[in-house]
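Undergrad: Take this structure first; my questions come after.
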Amino acid sequence: MGMSVNSDPAALVPEITLLVSAVTGLLAGAWTPRERQGTIHVLAALATVVGLVATALAARQPDETVFGTYVLDTATHTTRAIVLVAVLALIALSRDTVAGHKRETEFVVLLQLGALGSIALAGAGDLIMLFAAFLLASVPFYALAGWAKQGRATEAALKYYLAGALAGVTTAAGVTILFGVAGATDYEKVADGISRGPAAAAAVGLIAVLAGLAFKAGAVPAHFWVPDIAEGTPPPVAAALTTVPKIGALVAFYRLLDTAIPAAAIDWRLITAVLATAGMTLGNLAAFAQTSALRMLGYSTVSQVGYLLMAVAVAGRTPLAQPALLLYLAAYALTNIAGFAVVATTHEHRIDRYRGLFHRDPLLALALTVALLGLVGTPPTAVFVGKLEIFTAAMDGGLAWLVVIAALNTLASLFYYLRWITPAFRPAEDDSAAVTPPSRWARAVALTTAALTLLLGIGSGIVLNALGASG
């Protein structure tokens, strides 16, 4: 890949730390009394902090590959940071939900293993590594989806697993076909092989692999599990499953197409642009009629993936594409977690039940407003800057028609987000109605992530410079 090859496992400190923490937590949890299993949360939180420090140090080093299959570059380092921050927020968000639960340890362990798979997806520079990372980012999250063992959660988990099983088989078939066409698994060698091999067979293999990555990202047409998971599982689980795997999957999407698939052999730009259009449009249309806050957030994540795929569609055509994708992913992770954290705080799943929220808890109502207007892309939130950068990259990459569609979808999305925001600032119809006490940890996460999305938006220029954006 034109990079030096590093055979020192020390280059993988963030990944190793997550793995060791997960295994240690699993073993310790089996012997720790239920009332003391909060120590597993502390261990996991410390592991994420160590991983973030190691990531910051590693980001100063030149780009390289580890064992020739795992790429350490700006995209991988940024993915590490985003995923680890998301895991830290999710550990805190889950505290009120899982404390004292008989499967408390399992939640944290599965979250860490799934996060490890997401990071591995982003760094994969080899087809075999890509498939192994796909499995690691899948199996723990299947189990996490059914963690609560409630009726709706079990149904959602079963749908998620069955769709994932099909996606896994499809991905394996695609990897096999691409290997057969190219005669190699290293991305750069795959690109050379595809240039000389039968384009039709390579296209079939590529579509199969992209179908698997689309499932992990929750992109159309492999998005059907997203609203069911969002509504059927506890909010911390829903937040994890609609945030963490998407990050790695979209970076993997970008790296695979930009490095391994020659656009001259297969017109993957058009394929990706069509997926982006379908995602943002169908996600918005489905969200319009929702009365469930969680289901609305689920469809919202589908539309957000559509916008993110715009950057993938112009990969390699403009230097703005990768920084825009990475900034948007960071902004999306914070904003999406903030939305689910508000629901976890209030314990209210219906939009009309948020009436009077501002009078009961002004700060939480403001956090909800920041989260939802952030998902629209309203300044000064980070999603606004991320979306603006992606629109600019798409224009620079010659996809002006896609920018027009995205702008129209952005305006349309304001309608259903306002349907949730407006009741929060109206007086409650019945002040004497019983209100469930808010979850302390979830409220703290909602306020913190909402504040961070504003800070990231304000400081986005510094972040973009660090990510290598030009101009």
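Numbers run from 1 along the shown chain.
Cβ coordinates are placed from backbone N, Cα and C, and glycine is handled just like the others.
According to Swiss-Prot, the protein carries these features:
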- 11-31: transmembrane segment (TRANSMEM)
- 39-59: transmembrane segment (TRANSMEM)
- 81-101: transmembrane segment (TRANSMEM)
- 105-125: transmembrane segment (TRANSMEM)
- 162-182: transmembrane segment (TRANSMEM)
- 200-220: transmembrane segment (TRANSMEM)
- 234-254: transmembrane segment (TRANSMEM)
- 270-290: transmembrane segment (TRANSMEM)
- 296-316: transmembrane segment (TRANSMEM)
- 365-385: transmembrane segment (TRANSMEM)
- 398-418: transmembrane segment (TRANSMEM)
- 444-464: transmembrane segment (TRANSMEM)
Undergrad: Is the number of Cβ-Cβ pairs under 8 Å between the transmembrane segment (105-125) and the transmembrane segment (11-31) three or more, considering only pairs separated by 6 or more positions?
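TA: Judged by the Cβ rule, the two regions touch, with the required three close pairs present.
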Undergrad: So are the transmembrane segment (270-290) and the transmembrane segment (365-385) touching or not, going by 3+ C-beta pairs under 8 A with a sequence gap of 6 or more?
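TA: These two segments do not touch.
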Undergrad: Would you confirm whether the transmembrane segment (296-316) and the transmembrane segment (39-59) meet the contact rule of 3 or more C-beta pairs below 8 angstroms, pairs 6 or more apart in sequence?
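TA: Result for the transmembrane segment (296-316) with the transmembrane segment (39-59) is no.
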Undergrad: Which sequence positions outside the transmembrane segment (200-220), separated from its termini by at least 6 residues, show Cβ-Cβ distances below 8 Å to it?
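TA: For the transmembrane segment (200-220), the nonlocal Cβ contacts are 121, 130, 134, 137-138, 163-164, 167-168, 170-171, 173-178, 180-182, 194, 226, 242, 245-246, 248-250, 252-253, 256, 261, 265-266, 268, 271, 275, 278-279, 282-283, 301-302, 305-306, 308-309.
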Undergrad: Are the transmembrane segment (365-385) and the transmembrane segment (11-31) close, by which I mean at least 3 Cβ pairs under 8 Å that are 6+ residues apart in sequence?
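TA: These two segments do not touch.
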Undergrad: In the same chain, which residue numbers or ranges, 6 or more beyond the ends of the transmembrane segment (11-31), come under 8 angstroms Cβ to Cβ?
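TA: Distant Cβ neighbours of the transmembrane segment (11-31) are 37, 39-40, 43-44, 46-48, 50-52, 54-55, 58, 64, 66, 70, 72, 80, 84, 104-106, 108-109, 112-113, 115-116, 119-120.
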